[in-house]
Amino acid sequence: MSLEFGFILINIFTAIVSFSTLSHALLHPSSVSHNVSRSRYYMTTNELWFNQTLDHESPNDHRKFRQRYYEFMDYFRSPDGPMFMIICGEGPCSGIANDYINVLAKKFQAGVVSLEHRYYGKSSPFNSLATENLKYLSSKQALYDLASFRQYYQESLNKKLNISSGGSDNPWFFFGISYSGALSAWFRLKFPHLTCGSLASSAVVRAIYEFSEFDQQIGESAGQECKLALQETNKLLELGLKVKNKAVKSLFNATELDVDADFLYLTADAAVMAFQYGNPDKLCVPLVEAKKNGSDLVVTYSTYVREYCMRIWGLRVRTYNRKHLRNTVVTADSAYRLWWFQACTELGYFQVAPKYDSVRSHQINTTFHLDLCKSLFGKDVYPKVDATNLYYGGDRLAATKIIFTNGSEDPWRHASKQNSTHEMPSYIIKCRNCGHGSDIRGCPQSPMVIEGKSNNCSLPDYVNKVRQQMVEHIDLWLSECRQSIRSSI
């Protein structure tokens with residue numbers, strides 16, 4: 001296997017940057033910065049590079065690859081200010097976003113760095129994403145990447161500050177949303193000596209094989225009227241596919257999807273986007289009205305999908321096309337193949353239709369997911385979710401100084417840690433449009449809200465209260481960390 005050291009040119013304006021979430025699995029829209037200028041959206045887009053170890057578990061493999069990162073030091077209080085590490089997740093990392101972490105960095109006079117996840121964006125070790133080249137793509141290797149980079153950056157910072165070798169480290173705090181939120185929690189679990197604490201926002205720490213709770217939450221968040229309208233729409237879609245297949249798919253600009261279940265996965269994800277990212281009325285108001293008026297539900301739903309999911313939130317049909325997902329050439333859309341590999345090997349999160357009262361087609365079942373995994377990566381691929389939960393602890397991980405936050409309407413909260421303890425406080429942010437990463441992104445979570453402002457949350461006081469608790473925990477843990485550092489000198 002040849003290692004590709006040169007970076008791959010990918011020009012993508014990614015929505016949440018450090019916290020991008022992809023469809024099918026964590027469902028992150030690829031363009032949520034609608035009508036927001038690039039300069040206001042980012043704290044920095046200046047690319048920096050780090051030579052990362054390919055295989056941290058092999059003493060004999062010394063291969064390296066170039067890993068992209070960013071730094072923002074405008075608020076840093078030299079020489080002993082804290083360092084905030086923003087973990088980039090399962091997508092290209094185009095810079096450091098101007099969200100609520102920017103507000104926290106300013107408050108705590110922190111420097112900020114952000115590391116792109118291996119294989120994603122411009123941090124691809126190989127020029128081919130064939131299955132055999134993906135064996136180094138795992139959460140475990142990603143955690144080692146973070147540890148190695150953290151050590152490298154601290155040493156570089158010490159040199160800049162003229163601190164002698166062996167001098168004390170700055171206090172570090174880790175941040176992440178969704179999968180990167182899980183990485184933030186897992187990093188504190190596995191490398192407690194390298195961080196003073198972690199914020200795990202909407203952190204999916206529990207790997208799940210059959211994730212039926214996901215759809216149950218969507219139905220709950222939708223409310224009875226909207227749920228019934230969604231269920232009727234699904235039945236009409238399934239019937240329409242049998243009698244006028246291409247005509248139905250053309251309403252959604254999705255005629256390229258030859259496999260009907262792939263199309264039904266797209267239409268299910270489109271509904272999820274409304275609740276997960278704080279825009280429930282964009283879907284429910286027109287759909288419920290259409291049902292009451294006797295209007296065509298499929299046409300109404302397709303209008304929502306085209307006008308909002310595709311035009312504003314960046315939903316792309318080809319990322320549901322398994323022919324496209326089998327493409328091993330590194331492209332701007334490679335993240336979808338890469339995330340499916342992680343789902344198919346260690347994390348699962350298979351969003352299957354519940355047996356009763358489902359808001360998605362029953363064709364989206366376990367067999368569908370397993371067949372897709374085999375179609376993309378070969379017959380030997382299987383999600384080892386039990387091993388993942390044994391290794392990290394699932395939602396019962398035994399760690400300290402981790403803040404867990406979840407939006408009340410976010411279906412992914414059922415894969416997070418929702419019970420609170422003294423060492424690992426957990427907060428549910430309750431409001432009508434509080435979804436994925438509301439504590440960092442504000443409301444709605446898409447399109448982008450500068451500095452994650454809570455003004456447009458249906459109950460902003462709930463968001464602000466949780467944020468105040470976050471500040472108090474970070475302040476306490478950084479203080480304890482500084483005291484520990486001073487006592488060790």
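Here the Cβ of each residue, glycine as well, is placed from N, Cα and C on the backbone.
Quick caveat, the model's predicted, so the values are computed rather than measured.
Annotated features in Swiss-Prot:
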- Ser178: active site, charge relay system (ACT_SITE)
- Asp410: active site, charge relay system (ACT_SITE)
- His436: active site, charge relay system (ACT_SITE)
- Asn35: N-linked glycosylation site (CARBOHYD)
- Asn51: N-linked glycosylation site (CARBOHYD)
- Asn162: N-linked glycosylation site (CARBOHYD)
- Asn253: N-linked glycosylation site (CARBOHYD)
- Asn293: N-linked glycosylation site (CARBOHYD)
- Asn365: N-linked glycosylation site (CARBOHYD)
- Asn406: N-linked glycosylation site (CARBOHYD)
- Asn419: N-linked glycosylation site (CARBOHYD)
- Asn456: N-linked glycosylation site (CARBOHYD)
- 1-25: signal peptide (SIGNAL)
Sequence gap of 6 or more, C-beta under 8 Å: which same-chain residues meet both conditions with respect to Asn51 (N-linked glycosylation site)?
Lys64, Phe65, Arg66, Gln67
Which of the recorded positions Asn162, Asn253, Asn293, Asn419, His436 has its Cα closest in space to the Cα of Asp410 (active site, charge relay system)?
His436
Give me the long-range Cβ neighbours of Asn293 (N-linked glycosylation site): same chain, 6+ apart, Cβ under 8 Å, in sequence order.
none
Have a look at the glycosylation sites Asn162, Asn365, Asn456 and say which one has the shortest Cα distance to Asn406 (N-linked glycosylation site).
Asn456
In three-state DSSP terms, the structure that Asn293 (N-linked glycosylation site) belongs to:
helix
Between the Cα atoms of Asn253 (N-linked glycosylation site) and His436 (active site, charge relay system), find the distance and write it as a whole number of Å.
27
Near His436 (active site, charge relay system), which of the recorded positions Asn162, Ser178, Asn365, Asn419, Asn456 can be found within 10 Å, Cα to Cα?
Ser178
Distance from Ser178 (active site, charge relay system) back to Asn365 (N-linked glycosylation site), taken between C-alpha atoms, in Å:
23
Taking only the recorded positions Asn162, Ser178, Asn456, which one has a CA atom nearest to the CA atom of Asn419 (N-linked glycosylation site)?
Ser178
Translate the DSSP assignment of Asn456 (N-linked glycosylation site) into the three-state scheme.
coil
Validating a neighbour-count step here. Other CB atoms within 10 A of the CB of Asp410 (active site, charge relay system): how many?
27
